[in-house]
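Take a look at the structure set out below.
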C-alpha cells in the first residue's frame, strides 16, 4: 500500500529501496532498506554532521541533497522539513570512453 509519504519514492527509476526518517526513527521503509535500523542510524548521523557545515552564513539548511556513491549503488538523501528521505538507487553501467 502506497501512502502519500512514499508514493513519489516508489516511482524513482532504478530504486532498490527507501527509508523515511524523522528524528532518527523510521517512518517508512521498503526494498533493500526495509527495517534497516543500522542504515537509519548511520544516515541520521551523517545528516547531523552535514548540517554542522556552514559554508554561507544565514542559510537555514546547509544542504538540500546529499549523495553517497558506492560501486554498484548510490544513497540519495534529501532533507525536507523534519523528515529525511533516503533512496537506494542502482548505478547504471556506463560504456567505457575511448580517448
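From the backbone N, Cα and C atoms, a Cβ is placed for every residue, glycine too.
In Swiss-Prot, the feature phosphoserine is attached to one residue out of 29, 67, 80, namely 67. Long-range Cβ proximity for residue 67 (phosphoserine), meaning a same-chain Cβ under 8 A and a gap of 6 or more residues, is found for 74, 75, 76, 77.
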